Each structure stands twice: as C-alpha cells, then as structure tokens.
Amino acid sequence: MDRIRIVGGAQLNGTIPISGAKNAALPLMIAALLSDETLILDNVPRLADVAQLQRILGNHGVDILSAGKRPGDHEYQGQTLHISAKNIIDTTAPYELVSKMRASFWVIAPLLARMHVAKVSLPGGCAIGTRPVDLLIMALEKLGASITIDGGYVVASCPGGLKGAEIEFPKVTVSGTHVALMAATLAKGTTFIGNAACEPEIVDVADCLNKMGAKILGAGTPRITVEGVAKLHGARHTVLPDRIETGTYAMAVAMTGGDVQLSGARPELLQSALDVLTEAGATITVNNDGIRVARNGAGINPVTVTTAPFPGFPTDLQAQLMALMTRAKGDSHITETIFENRFMHVQELARFGARIQLDGETATINGVEKLRGAPVMATDLRASVSLVIAALAAEGETMVNRIYHLDRGFERLEEKLSACGATIERISG
C-alpha cells in the first residue's frame, strides 16, 4: 500500500494549478445517463473516484473516451471525457461497485428518469457518520417513483415516467438536490425544489443540464424550478475549478509561510474560507490568473468557525483549518454542523503534538509552537490532507499511511507541492 513521506519545514513558493472540481465532475458524469447523445466534459480531474465512476457507468453500457492525455503526462492530469449513454444495457448498479464510492448511488436518478427503472446498491465512500439516503428516496417518491429496499438494494420504478412535484427538503442536502435536479429534468410537468443546496457544484450541474436542453431556473438559490422536457441532447461543458482544493492549498501556504499563486482559482467559490484565512493572518490577493496566497513572517492568528452550507464555511475544509490552527497563537474553536463524526483526524493530529479537546460538535485547538513529524494514518479524504498540511510544517519526517483516500480527491498532490518547494514523495508498496 502506498505511503507519502514528508520532511517538514520548507516554505511553499511558486504556482499551483487548480484542478477541476471532483464534487462537480462526478454528478456531471452521472448526468450523461439522461441523454442518448454524447456529453463532452472538459477539465475533469484524474482521480480514483473518477476512475471508479467510469467503471460504474461502463457497467450500465456507457462508452467513455478519455482525451487530452499526452505521452509522458502524469496519470492524474486533467482530461476531457466523451461520455455516450446511447445504449444503456443494465439498470442495476451492483454492490461491489457502488460500495466503493457514495456518490455513485446518484445514478438512480437518471436511470429512473430515462429508463423508468433502477436497482442500486446502498452506497459506500467515506465513513463519516451515517449520511443516509432517506432524503434522496423521499425526493424520488415525490416525483412518483415506487421504491422498496430489498437485500441492500434500492429498487425503484415509475412505469409511466416521473411527474413534476413540490419537493421540500427538511434540511439542506447536496446529494438530495443533485438527485432531485437530475430526476426532474425528464419528469412530466414542473418540479419545485425547496430548501435546495446552493453550492457552486449544484449550479455547475444545472448549467450543464441547461446546455443539454433542460429548463432549470434558480440553481444557486434555495428554490429551484425545473420544467420537465421530453429529451436531453448532447453538449460540451467545462468543469468548474475545485474550491476545496483551492482552500486546501491556501491553508497549506498559510501553515508553512511563503507565497503561492493558485492558478485558475475562482475566489467567489470560497469567499468564506478566504475571509477566515485573512483573519488567520494570510494575505489574499485576487488577480486575473486566480488567487495569490502569502504569509511572510507574521504568526497564525486563532479563529472561531462554524461549518455551514454554502456560502458558509465548507465542512470539506474543516479538517484542513484545524491543522492550520494547531500552530495558532492562542485557542481556536471549530464547530461542525454538517456531518456527524467528522473529527476522526483529531487523534492523528495529536500524534504531531497538537492539543485539541472535543466537546460534542465543537473542537477547541490550543495552538502550539512546534509540531513534530510522526507516522500517521488517513481516515477519510479531507482528514488525510489535513495530515499533509500538518506534516509540511512539522519538524522532521512524517509518513502518511492509507493515502488511497488522498488519491480519491486530490490530483497530483505530491507533484503540485513538490514544485513549490515541499519535500514530499510517494513510496510504493
């Protein structure tokens, strides 16, 4: 099993190109199931999760051609995918595929909308709390689907097709909004999605669906209106830049000191995180090429943050911020409101010498002067990169184990950090 070795202490200086957003690329790939024409997606990151979803879509009979990889390119490099779901041969998504990635459950929506039947295994992915699919099922039932759960599978059908409906989510749900949005595009009549997630990735998917002929209004607001159409056609769409990757590298620079240009980043996608970084002592400059992040000389200021749905501080940057705050001059407080059990990185950060106390949903971080390298183990995608951030600033050597979590969500991480002066290498086996 691969590991990453990091020797801390070096500042980061240079340029890091920001990849396409994983959290947009996955639902965009799934949306290709809605049409029998080809969907072309540019700026798709080369990630383990993307490769896994390609296998899942292939199981349904989807043809995917990857272009844009030249001889000598790294395995994980942005790509263009030509996705054709002209001939869907199977409407079952089996356990052995879906169990490896939670987002793959979303195939239930386009399969049901277009084929009127779907059988999808209950999902897998990061082990963060329960993350139930109840709200997704509720949305599909509102649209007229008949759903049962049998032997670990969700079995859904709508012989006459889906019908427009009023869907009101009891709480904001990104997954539920994606599923409702995709299903409603081919439903007969108009669908209203209330308490919808406002994340930029939702907007990106809606923009792509509209290019394919959907009639969606209000994406990015709490109320989305979808007027169903009979058919979607092919289109070409560029995946938006990854705001979580942007925030992660920005926090790494704030942690180590230095000056890095995050090329291609869009500040409006993570303004709340940039505001927190400014409060923590980083200098953020927006320019024509993206965002420049610097911290030279000054220490790290403590902050108090509560995670919230967009435009609030993203839960997917909570672990990275906690790593940064381990070196702050004072006590910081981070409250997690989105997912339960999302503090699994705390015990691993403690191995560096971090001082963190948990009280329910709130972590109090007592900043320390120095962190020391240690062998650590990744527990999930975002937690794993928080260990990398801590290791970059720690004295001595750190070995990060179980890095398959990193490969699920960060494209060419070692290369990007190494190019900016970090001592970091992947050790195979």
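For all residues, glycine too, the Cβ spot is worked out from N, Cα and C.
Listed in Swiss-Prot:
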BINDING   Lys22, Asn23  phosphoenolpyruvate binding site
BINDING   Arg102, Arg131, Pro132, Val133, Asp134, Leu135, Asp316, Ile338  UDP-N-acetyl-alpha-D-glucosamine binding site
ACT_SITE  Cys126  active site, proton donor
MOD_RES   Cys126  2-(S-cysteinyl)pyruvic acid O-phosphothioketal
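Structure with Swiss-Prot features highlighted.
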residue : record                                        : Cβ within 10 Å
Lys22   : phosphoenolpyruvate binding site              : 25
Asn23   : phosphoenolpyruvate binding site              : 25
Arg102  : UDP-N-acetyl-alpha-D-glucosamine binding site : 20
Val133  : UDP-N-acetyl-alpha-D-glucosamine binding site : 21
Asp134  : UDP-N-acetyl-alpha-D-glucosamine binding site : 11
Leu135  : UDP-N-acetyl-alpha-D-glucosamine binding site : 19
Asp316  : UDP-N-acetyl-alpha-D-glucosamine binding site : 23
Ile338  : UDP-N-acetyl-alpha-D-glucosamine binding site : 21
**Message:** Can you tell me the CA-to-CA distance separating Val133 (UDP-N-acetyl-alpha-D-glucosamine binding site) and Asn23 (phosphoenolpyruvate binding site), as a whole number of Å?
**Reply:** 17
**Prompt:** Hey, does DSSP put Val133 (UDP-N-acetyl-alpha-D-glucosamine binding site) in a helix, a strand, or just coil?
**Reply:** coil
**Prompt:** Where Arg102 (UDP-N-acetyl-alpha-D-glucosamine binding site) and Asn23 (phosphoenolpyruvate binding site) are concerned, what is their Cα separation in Å, rounded?
**Reply:** 12
**Message:** Whole-number answer please: how many Å between the C-alpha atoms of Lys22 (phosphoenolpyruvate binding site) and Asp316 (UDP-N-acetyl-alpha-D-glucosamine binding site)?
**Reply:** 12
